[in-house]
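In what follows, a structure is listed as structure tokens, so that the remarks can point back to it.
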Amino acid sequence: MTLSQRRVPAGPASASPAAALDSPSQDRRYQDQRYHLEQGFLPGNGLILGTGGANSLAALEEAIVASETTLVTVALRRVDAAGPGLLPMLDRLAVRVLPNTAGCYTAGDAVKTARMAREAFETDLIKLEVIGDERTLLPDGVELLRAAETLVADGFRVLPYTSDDPILARRLADAGCAAVMPAGSPIGSGLGISNPHHIELIVQSVDVPVVLDAGIGTASDAARAMELGCDAVLIASAITRADDPAAMAAAMRHAVTAGRLARSAGRIPRRFHALASTPDDGIAQW
Amino acid sequence: MSRVTVVGGGIIGLAVAAELLDRGADVTVLDPAPDGTGGAWHVAAGMLAPGGESAFEYPHLTRLLEASHGLWPEFAASLGDIGYDTAGTLSVALTADDVASAAREWRHQKLTPLSGSRVRELEPGISPRVRAGAFAADEHQADPRRVVAVLRDRLGGRIVPRRVADLSEVDADVVVVAAGAGTAALTGLPIRAVKGQVLRLRGEPGLLRHVIDGAADGRHVYLVPRADGEVVVGATQEEITDSRNTAGGVHDLLRAALDLVPGLAEHELTEVTVGHRPGTPDNGPILGLLDDPARRVVVAAGHFRNGILLAPITARLIADLVLTGSADPIIDGFAPGRFR
């Protein structure tokens, strides 16, 4: 899929902040950026939805529609791949499924779950989760890397949920992962991005897409992730557990667009002292 | 007199049939196992909690839950002793994170938060680790097994052991489909089975006075104490259709239960069960006429987590619809056609 195909926002152009992206100069800027979606698995609007935590299928459907995403994650262990409910709905909405290995604590378990997911969902994409403990739900880096190596050798396109450790992220990218997905903060915590500097370091140190996964609480967190240079964000609880999931999904969509635009627009430097926006050059002196 | 056949003898089918019988209809209930225990009602705890179940539901569903809640005293009185208990529900939260989540729902339900000490004054069995709670006086309970036993008794020989594979087999002026998750196969409506694991403990009566609706380290559990010392512990909610009790499911329920009420550790574990809630896309039941040119087919199914609470209003609305052709406008949000 080409960049121009992905870039076009859905809906009436005038109503969307993303409409600004249609100008040729913006388009060039995008190509100048390390904005490489040519691998074709990330949604063009930079927003991936997690399906856990929704109150009802209808509420989830409204959120997916409002988010305008084309990719959602589904936990193999928590859905009946052959059953009614979630998967027929995703099919109807024409969104792709990114299966995940949620609930796995060892490399062996995650590899087995990934292989089952490939059979069940007929995709070689896998969001690899190998959890270190149930209190933090943070990744176990050692098991994660081992599982990633096995799955890459097995022909998967692996998207590992990792910590915000730049060295581990680089090791995962070097192992052949298709993207890296660092946690902003623990899953479901809504604490936002606790170490923005590390997220920036990861963006600079790997040459695969960076997807901020976990920890986003509200729209400004999503915008921040994109300003830091992430290619996409993955959001579940912040949307599905909001009072109004569809409204929050729309907020996140706008935030991702805003953050990405701000990143490419070139922000002003931070200064210690003020600099008047109206210069006083040429003003008559007396 | 119109001949009405109700397909499905769970709590909804029986409540509808009993109401129709009371109002003079010639009613028959078809169920493959008239004495069976396969229905969701058999594992259901019987919490009658319109607020607790509706914090973030659609407003029209909240209205239906509240309206049915208002019918319960009369419904319970008409059934006799079915364990209807109005002591109220105590919502409790174990950790600071649990308090943060629960406080949002308490605000939504307009409940006043209580300190841990105040919670233990109301319910001494609650763990000293519990940080906060709130009391919902309007959230009651009934024993669904006793409700079903009374309704079965009342309908007697009108319940006929028969499995219906296709509605064309049914000879009646009006057919009411109340087959829970089985309604999908009979009508094509989007009703799915949502698995729930439920435990029953038994010990000395009096450990708990109220229904406990609690959060413990992110695990949600409810504890429903019956007068005879039984405590229902529920429930997992899984988008899976199998009927297996899993180690993880049972562990999560027991861990949360014992974290909140340590005294339950001495209780006997008497039942480990699985049931399937009939879920719909918007969590609301499907109530109304099917678009069937051949004859009148009325659906009363898909009550998801609220089958016990919604039994009285479902019985009333469906009987109205069957006998008079129309029902209170509150039914309008639940028409079968809304999922097209």
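A Cβ is built for glycine as well, from the same backbone N, Cα and C atoms used for every other residue.
Listed features, source TrEMBL:
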| type | residues | note |
| --- | --- | --- |
| ACT_SITE | A:Lys127 | active site, schiff-base intermediate with DXP |
| BINDING | A:Gly188, A:Ala214, A:Gly215, A:Ala236, A:Ser237 | 1-deoxy-D-xylulose 5-phosphate binding site |
| COMPBIAS | A:9-24 | compositional bias 'Low complexity' |
| DOMAIN | A:47-279 | domain 'Thiazole synthase ThiG' |
| REGION | A:1-30 | region 'Disordered' |
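Everything TrEMBL records as a feature, shown here on the structure.
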residue: A:Lys127; record: active site, schiff-base intermediate with DXP; Cβ neighbours (10 Å): 26
residue: A:Gly188; record: 1-deoxy-D-xylulose 5-phosphate binding site; Cβ neighbours (10 Å): 20
residue: A:Ala214; record: 1-deoxy-D-xylulose 5-phosphate binding site; Cβ neighbours (10 Å): 29
residue: A:Gly215; record: 1-deoxy-D-xylulose 5-phosphate binding site; Cβ neighbours (10 Å): 25
residue: A:Ala236; record: 1-deoxy-D-xylulose 5-phosphate binding site; Cβ neighbours (10 Å): 21
residue: A:Ser237; record: 1-deoxy-D-xylulose 5-phosphate binding site; Cβ neighbours (10 Å): 19
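Counting in whole angstrom, A:Ser237 (1-deoxy-D-xylulose 5-phosphate binding site) lies 17 from A:Lys127 (active site, schiff-base intermediate with DXP) by their C-alpha atoms. Cα of A:Ala236 (1-deoxy-D-xylulose 5-phosphate binding site) to Cα of A:Lys127 (active site, schiff-base intermediate with DXP): a distance of 14 Å. Of all the binding-site residues in the record (A:Gly188, A:Ala214, A:Gly215), the one with the smallest CA separation from the residue listed as 'active site, schiff-base intermediate with DXP' is A:Ala214. Those same-chain residues not listed among A:Gly188, A:Ala214, A:Gly215, A:Ala236, A:Ser237 yet with C-beta within 8 angstroms of the centroid of the 1-deoxy-D-xylulose 5-phosphate site C-beta atoms are A:Gly50, A:Pro186, A:Ile187, A:Ser189, A:Gly190, A:Ile216, A:Ile235, A:Ala238. Following the DSSP three-state reduction, the secondary structure of A:Ser237 (1-deoxy-D-xylulose 5-phosphate binding site) is helix.
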